[in-house]
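This report concerns only the one structure given below.
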Amino acid sequence: MRSHYCGDVNKSHVGQEVTLVGWVNRSRDLGGVIFLDLRDREGLVQVVYDPDLPDVFDVASSLRAEFCVQVKGVVRPRPDSQVNSQMKTGEIEVLGKALTIINAADPLPLSLDNHQNNSEEARLKYRYLDLRRPEMAQRLIFRAKVTSFVRRFMDGNGFLDIETPILTKATPEGARDYLVPSRTYKGQFFALPQSPQLFKQLLMMSGFDRYYQIVKCFRDEDLRADRQPEFTQIDIETSFMTSDQVMETTERMIRNLFLELMNVDLGDFPKMTWDEAMRRFGSDKPDLRNPLELVDVADLLKAVEFAVFSGPANDEEGRVAALRIPGGAELSRKQIDDYTKFVGIYGARGLAWMKVNNLAAGVEGIQSPVAKFLNEDIIKEIIARTKAADGDIIFFGADKANVVAESMGALRLKAGEDFKLLEGEWRPLWVVDFPMFEKADGRFYAVHHPFTAPRGVTAAELEASPGKAVSDAYDMVLNGVELGGGSVRIHNGDMQSTVFRILGIDDEEAKEKFGFLLDALRFGTPPHAGLAFGLDRLVMLMTGASSIRDVMAFPKTTTAACPLTNAPGHANPDQLVELGIAVLPKEPKQD
């Protein structure tokens, strides 16, 4: 039906007859000549219809937005005054000789030009229209190029594309599972995989050595802008490779990806320990474009007569950190109050501050409600450590270390945006040496997952001091977004059982939930390691989209619903009976 894509017609085709198909992007009658912008996935081309062909001209006059049409015509150069350098096809136009309406279009329920006025609900309900917008189409085309590159790279480096099951068994991986009832085993359920973690480890135990898969994963969790109930991972696992070798291979893939698709050289990725990232940036995924850093000042404040500072300064689990913002002395009291409310979202109970108005004036040049609690030497040392200058403001976070990290880390990001401090376009890094466990509610939880190997300890040493253990794990971070995370896996049955016990999973529960894994570990398991990238986040970053929904063809809403298909929906009652399932009525709300 066509000879060329609309966006591919160029000066080399001048004089040629072309056949194009696509949608009417815009049609306008200018002095008896009709100009038609025809659009397909590759772009736009201008088609001109003269009244010399009255039958064709009449058809062109009847066109409205989003009619699906076929055009036949001859390519010609545009007059110099009409060349459009903003269009890929802006040097040429097609003189229309024939026109066929393939399918008419009703008036649209949403605007494809002024899409900012469309609600998110409408965009998802009429997703097939929203995806016609060039911006959306180009993102999905770019996504296809990313997956094509990944497959070529993986294939070229000896990795095998192997599928793993979608119907599997529920395992504790941090989020709720989507459950699928079994008809043949009434009362029992499959789970949709949160990741192929255990199956890819079993593939290493099976001897396949290098595996990858671009795979759907499912998590029934509360949604945010960067979360979806179903998402896509670039999943990788290797045998007989160290963590450094896995990082080298996957870093090379991402660097080559950016170079090929965006002509961007990311350079070598620096490595930073988890401790350093949390201390300097208050985050395990720091945005290095932001030059602001947290500075520890607790040692200066242990003896001050201000409990807000001295309390955390003398608490083993506490921290007092300072954050200097260049030019921040211009902030009004209301703006400071707004920042105080902002850090309160992250658990902070307040936000002390100090404006540096005139260093030459000594203490008199400092403006702060807490200055009266600090002697001149302390103030001078705080200014020296933070490298504050005239016109700066210093904010203080004082609380438990985790609260300070989260609240001041968030303030660092917000201030960096508000004061337009971000430097450079792309700043990747590796974050390594994560804690093996974190403690909450009197028990230990795995920071990554229960199959991550500790670094440099025996099973006995791990069990004796789990809170001190460091995992052989690594996260790739780009511009404050975790692109992917991985680790060396446990390949020893005793170590795996020890980790289960530390996590409160006794031998009986471990056998019931992970018996197949523990069995497999008895038969010559190779050392193995891997990593998984979030494809949606990667494409979101590379295309500059504001949400992963804008790089997915048919995403869900923030309430995990699909307005297009009205999913989820009610099941057929007969099917529920066959499955042995009864739906309980909603309990009435208690007054």
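Including glycine, each Cβ sits where the backbone N, Cα and C put it.
GLN228 is the residue from GLN213, GLN228 that Swiss-Prot records in the ATP site together with ARG219, ASP220, GLU221, GLU482, GLY534, LEU535, ASP536, ARG537. When the ranges 197-200, 269-272, 409-412 are checked against Swiss-Prot, the one recorded as region 'Aspartate' is 197-200.
Site extent for ATP: among the recorded binding residues ARG219, ASP220, GLU221, GLN228, GLU482, GLY534, LEU535, ASP536, ARG537, the largest C-alpha separation is 20 Å.
Note on ARG489 (L-aspartate binding site): other Cβ atoms within 10 Å of its Cβ, all shown chains, come to 23. Under 8 Å, Cβ to Cβ, and six or more positions away along its own chain, ARG219 (L-aspartate binding site) finds ALA175, ARG176, ASP177, TYR178, GLN194, ARG227, PRO229, PHE231. Each residue contributes its Cα atom, and for LEU535 (ATP binding site) and ARG489 (L-aspartate binding site) these two points are 22 Å apart. The average pLDDT computed for the region 'Aspartate' (197-200) is 97.
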